[in-house]
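Let me begin by presenting the structure, written as structure tokens, before commenting on it.
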Amino acid sequence: MAGETLIPEGPALAAMPTLGRNPQHSHDNAAAGNASASQNGDHAETKEDRMKQATDNSNSIATLTLEQETNPWEAQSLRFDEAARRLNLDAGIWKVLRYPSREIIVHIPVGMDDGSIEVFTGYRVQHSSSRGPCKGGIRYAPDVSLDEVRALASWMTWKCAVVNIPFGGAKGGVICDPKKMSQGELERMTRRYTAELIEFLGPEKDVPAPDMGTDEQTMAWIMDTYSMHMRQTMTSVVTGKPVSLGGSRGRKEATGRGVSVVTDEAMKHLNMRPEDTKVVVQGFGNVGSNTAHFLWKKGYKVVGIAEWDGGLYNANGLDISELLEYRAKNGTIHGFKEGEAYDKDELLLSAVDVLIPAATENVITSRNAAKLRCRVLVEGANGPTTPIADEILADKGVFVIPDILANTGGVTTSYFEWVQDRMGYFWTEKEVNERLDRIMTDSFQDVLQYSIAHGVNNRIAAYMLAVDRVAYTTKQRGFYA
Ligand SMILES: NC(=O)C1=CN([C@@H]2O[C@H](COP(=O)(O)OP(=O)(O)OC[C@H]3O[C@@H](n4cnc5c(N)ncnc54)[C@H](O)[C@@H]3O)[C@@H](O)[C@H]2O)C=CC1
Ligand SMILES: O=C(O)CCC(=O)C(=O)O
């Protein structure tokens, strides 16, 4: 792989047809990418050096150390640079979109239950507000880092553009272990984190949502804290709230639902039948459990579930409805009578048709990609596959539905929630789901057609589609304060 770029050269984009659905957001590359390069950026030296590096073959992904390979920000940047290069993106716009527009670090003092004071570090990174208010979840986990939040914020920008909803991208994170904290401690930490960010949040500025380690209750606390500071109830400042507090019907299940819809589309494209399709899902949290449940209801054979502390396997398929009940009662998937205990890492390598990582980043890397035996990889999680693994999977002919397409059901229904809150009029679950299914199906087709037309893999197609849309609005808005 030394000396090669991530993806083999494809046809020049400017010669390709325009594929966006909404004429307001779709456009040809001449408008977005071919204006003359800016020569006078404030941070030209370092940023242009890095851009040069990004396009320099000597900086091939083959030279990445494992630490670089598994740094989500490096992974995001490599894919972005590849898309930008293929789009022949204007050098100035390239700089604008390569870096987040704002990075906020807060240190949050919290009175703990035992009377001590703990200080937690939190982040909110706003990557882009070019297409609308920043949008993205908040993660509570012990290993959150600024680079991870930067990557997640950028991915939000690209996701919102792939599904063509009027948001930019942001993400938040707090370094903490929510499993070891009481509800009281979590509430105090969440409220203080919100208060520290108060001037940066708002329905027209930045709208958080749940991610790993946060849930509807967390969103209710954020909404309440924000509303107290604003002296009025403002439900549309967050999404993923309880339905009783302005949440949207269907939001809790939406990411998993969306993953199941794009999996259906891949089946049709590859002439595969759900009833003959074996699936393994990694992670049985919000995204993983809902994905497994939707697929099981559609007739897929969900043969394995991998959790952080071990896996569960049944060659004939697990009854996911019963497994959910079992987990609700016992707090774990382990010991479920229908499934045999299985090594969680081995489960990912088992001979299945569809593998769905729905837990965390860097699950498929240079270390295990060659051993994967799935035909289709559907990324429920953000960033589960590294750039080196991408190349290995491409060589193996694995059909990949990339994260910035596969898991957009969540943010799409968050968009519906924001719209409903602002209207003060709420849709039925059927209405929400029909709208979601249509957007997921159309977006899958957009990315697939783009990939075919431009001779690139699905991931780079999704990035190109997204970067092109964001570049267009960025340029349209101009650069004067
Ligand atoms: N919640 C949402 O609406 C969305 C979430 N995502 C992404 O989906 C992924 C999962 O998020 P959620 O389901 O919301 O989080 P969650 O916190 O509800 O669930 C994560 C699950 O993964 C398990 N897990 C953690 N590490 C693991 C490992 N090494 N091996 C196997 N299982 C492991 C956890 O035990 C937990 O059950 C994350 O990458 C998140 O960013 C993406 C789009 C929307
Ligand atoms: O629903 C949202 O606004 C964002 C969900 C999220 O954090 C994600 O898609 O990664």
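Every residue, even glycine, has its Cβ placed from backbone N, Cα and C.
The candidate list Lys95, Lys159, Lys371 contains one residue that TrEMBL assigns to the substrate site with Lys135, Ser414, namely Lys159. A Cβ distance below 6 Å to any atom of ligand 1 is met, among the recorded positions Lys135, Lys171, Thr255, Asn286, Ser414, by Thr255, Asn286. Closest to Ser414 (substrate binding site) by Cα-Cα distance, out of the recorded positions Lys171, Asp211, Thr255, Asn286, is Thr255. Its Cβ taken as reference, Asn286 (NAD(+) binding site) is surrounded by 23 other Cβ atoms within 10 Å in the chains shown. Close to Lys171 (active site, proton donor), meaning Cα to Cα within 10 A, are the following recorded positions out of Lys135, Asp211, Thr255, Asn286: Lys135, Asp211.
Same-chain residues that are not part of Lys135, Lys159, Ser414 yet have a Cβ within 8 Å of the Cβ center of the substrate site turn out to be Gly136, Met156, Cys160, Ile165, Phe167, Gly169, Ala209, Thr239, Thr408, Gly410, Val411, Thr412, Tyr415. DSSP assigns Asp211 (site 'Important for catalysis') to coil in the three-state reduction, outside any helix or strand. Residues within less than 8 Å, Cβ to Cβ, of Lys135 (substrate binding site) and separated from it by at least 6 positions along the same chain comprise Met156, Cys160, Phe167, Gly168, Gly169, Ala170, Asp206, Val207, Ala209, Val411, Ser414, Tyr415.
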